[in-house]
Structure formats: structure tokens, C-alpha cells
Amino acid sequence: MTDRRQIREATRIVILCVFWYLISSSNNVIGKWVLNEFPYPMTLTMVQLLSISLYSGPLLKCWNIRPGLQSSFSKDYYWKLIIPLAFGKFLSSVFSHISIWKVPVSFAHTGTKTMIVFSNVKASMPLFTVVLSRVLMGEKQTLPVYLSLIPIIMGVAIATVTEISFDVIGMWSALVATCGFSLQNIFSKKVLHDTGVHHLRLLHMLGQLALLMFTPVWAIFDLWKIIQHTNIEPDTNMFMIFTYLFLDGLLNWLQNVVAFSLLHLVTPLTYAVANASKRIAVISFSLFMLRNPVTSTNVAGMALAIFGVLYYNKAKYDANLQKKKFTVLPLVDHSNGGVVGHKFALNRFQHI
């Protein structure tokens with residue numbers, strides 16, 4: 001029965017990852033096109049946060065997801081975790097869009113030239129996650145798990161680098177965004193574990209709070225420029241821009257729904273590894289859709305990253321198997337009421 005449940009759980013995770021990769025690939029291509037024609041990254045963030053706030057409510061009602069323990073958040077917990085999470089969500093999104101806007105990305109098609117963003121920075125999310133989880137939460141991993149992160153990070157970095165296009169603002173924006181997303185994943189998982197709130201209701205709540213915080217910032221930096229049509233070419237098709245903004249917001253909302261569903265099922269580190277692997281799917285999608293040339297470097301990097309993901313999955317499986325072997329069991333010794341048997345099992349566990 002346990003094996004069947006694990007198989008169903010693994011199948012569900014794989015299906016979620018496939019949907020996540022497909023939606024994210026489409027979302028990134030559309031987002032890059034919008035920023036090329038409509039260079040207002042904060043407006044793109046505004047549309048995405050607005051989409052989360054607007055679409056999540058009807059979804060919760062349709063699926064009959066009740067408020068649950070969300071309404072019982074203490075004031076102290078709310079200000080210490082929920083508010084910072086919402087702030088981190090919009091801040092990470094802004095810096096991520098700035099990094100995409102400032103530096104051409106691997107899936108951007110500028111004329112006939114393919115260039116890179118600092119995808120190798122974003123591919124380092126598993127490294128950020130494992131370090132931050134160790135420092136903030138005291139979580140430890142086995143040595144094979146740590147080693148498996150090396151080919152993943154190196155592989156994605158190699159696969160995305162076809163030529164160097166350096167921009168200081170873009171690089172630092174990508175670093176801040178990656179660190180922010182890692183922290184967001186860790187503490188979102190903590191909130192889900194501590195409170196039992198439904199993951200989609202947490203997404204809705206964070207989206208609403210982030211939108212509330214971000215609206216004044218957007219009004220200061222982008223609203224007046226858009227009204228005056230600053231940085232917008234005279235021949236720009238505004239109908240197409242609004243259409244793509246709508247699609248970008250919808251796809252980003254779907255991406256968040258799938259991402260939070262996945263985070264609910266796995267650890268932050270596994271989520272970070274899946275997120276790094278997603279970059280391979282994004283690159284492959286762009287090569288197919290935009291007819292960008294494939295180099296031996298691209299192929300070698302993808303192969304190395306895929307090997308790293310497989311190695312990580314094997315390392316985590318072995319680690320989980322090892323834990324099960326030393327689970328404390330209620331050993332019964334009828335000669336003394338089971339006390340000695342239980343202590344033996346407990347001592348065996350403590351020495352591991």
C-alpha cells in the first residue's frame with residue numbers, strides 16, 4: 001500500500017513538473033518579447049501580481065478550498081513571516097524582470113543572434129537553497145546530495161552560455177532575485193508546515209499583500225512614463241502589447257499555482273533542483289520555437305545537468321531509504337513490558 005502511494009505521489013510530481021516546465025517556457029518567451037517592445041519591468045510585475053490576486057479567488061471557490069488555519073495566524077507570526085514573504089515575492093519578481101530586461105537571455109531572438117542572460121546565476125538556486133536551509137533551518141543533507149548539485153549547476157551554466165554579454169545591473173539583479181526566490185521557497189514551506197494553510201490560499205494571500213505593497217512603487221516609477229509614452233516606439237502595436245501582457249499574467253498565475261503545488265509536496269531543495277532543471281526545458285523550448293542554433297556546448301551542458309538531476313534523485317532516494325531503516329519502532333519484549341526493546345531501538349536511532 002505504501003509503495004503504491006509513493007508511486008502515485010511520484011507520478012503526480014512528474015506531471016506537475018512537466019506542466020510547470022511548459023508553462024514557464026511559454027511565459028518566459030512572452031515576457032521577454034513584452035519587455036523588448038514595452039520596457040517597463042515593474043509594469044510586468046504589476047500585471048503578474050494583479051493576475052494572482054484576481055484569478056486565485058475564483059479558483060479557491062471553485063475547488064471549495066476553505067480558509068482553514070490561515071485565519072488563526074497570530075499578529076506576531078503574521079508580521080514576522082507573512083508580510084516579509086509577500087515583500088520578498090514582489091521584490092524578487094522585480095529584480096528578476098530587471099535582469100531579463102537588462103541582459104538578453106538565451107531564448108531571446110534579436111535578429112538572428114542568440115545571446116545569454118546570467119542564467120548560470122539563476123541556475124545556482126539549489127546552492128543558495130542548500131546553504132540558506134543549513135544556516136537558517138539547520139537542515140543537513142548527505143554527501144551524495146551535496147555532490148549532485150555540482151553537475152546540475154555547471155550543466156545549466158554551460159548550456160546557457162553561448163557568448164558573453166555582461167551587464168553589472170543585470171548580474172546583480174539576477175543574484176538578488178535568485179537569493180530572494182530561495183528564501184521565499186524556504187519560508188513558504190515553513191509556513192505551510194507550521195500552520196497547515198492550503199498552499200493555494202497562501203499564494204492568494206501573498207499575491208494580494210505583494211500587490212498592495214507594490215502599487216505605490218509602480219505608480220512612482222512606471223505609471224507617468226506610460227501615460228507619456230516614454231520609451232515606447234511610435235509604431236508600437238499597443239493592442240498586441242496588451243494582449244501579451246494579459247497572456248503573461250495568466251501564464252505567470254498558472255506557473256505560480258503549479259509551483260506552490262509542487263513546493264507543497266517536496267522539500268525546498270528538491271524544488272530548487274526542479275527549478276534548475278526547468279531552465280533546460282526553457283532552453284530546449286526556445287531552440288525549437290525560435291529556431292536558434294544548437295551548439296555542442298549547449299548539448300554537453302544539457303546532458304551534464306540531466307545527469308546531475310538523475311544523480312540527485314538517486315541520492316535522495318538512498319537517503320530516504322536509509323532513514324526508513326532506522327525509524328524508531330515499538331519493539332516489544334514481554335519479559336519486561338517492552339521497555340528494554342524500545343530503548344534499544346531509540347539508542348540505535350540516536351547513534352546514526
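Cβ atoms are placed via backbone N, Cα and C, with glycine included.
If you look up TrEMBL, you'll see 12-313 marked as domain 'Sugar phosphate transporter'.
TrEMBL lists 12-30 (among others) with the feature transmembrane segment.
Residues or ranges marked as transmembrane segment in TrEMBL: 81-103 (among others).
Residues annotated as transmembrane segment in TrEMBL: 115-136 (among others).
Sequence annotations record features per position, and here TrEMBL assigns transmembrane segment to 143-162 (among others).
Residues or ranges marked as transmembrane segment in TrEMBL: 168-188 (among others).
The transmembrane segment annotation in TrEMBL covers 200-221 (among others). Among residues of the same chain six or more beyond the transmembrane segment (200-221), those with a C-beta under 8 A of the stretch's C-beta atoms are 42-43, 45-46, 49-50, 52-53, 56-57, 59-60, 63, 65, 67-68, 70, 82-83, 85-87, 89-90, 93-94, 188, 191-192, 256-257, 260-261.
Per TrEMBL, the feature transmembrane segment maps to 241-262 (among others). Only residues 6 or more beyond the boundaries of the transmembrane segment (241-262), in the same chain, are considered here, and those with a CB under 8 A from a CB of the stretch are 13, 16-17, 19-20, 23-24, 26-27, 30-31, 33-34, 37-38, 43-44, 47-48, 50-52, 55-56, 59, 188, 199-200, 202-203, 207, 271, 274.
What TrEMBL records for 296-313 (among others) is transmembrane segment.
Mean pLDDT across the domain 'Sugar phosphate transporter' (12-313) comes to 79 in this model.
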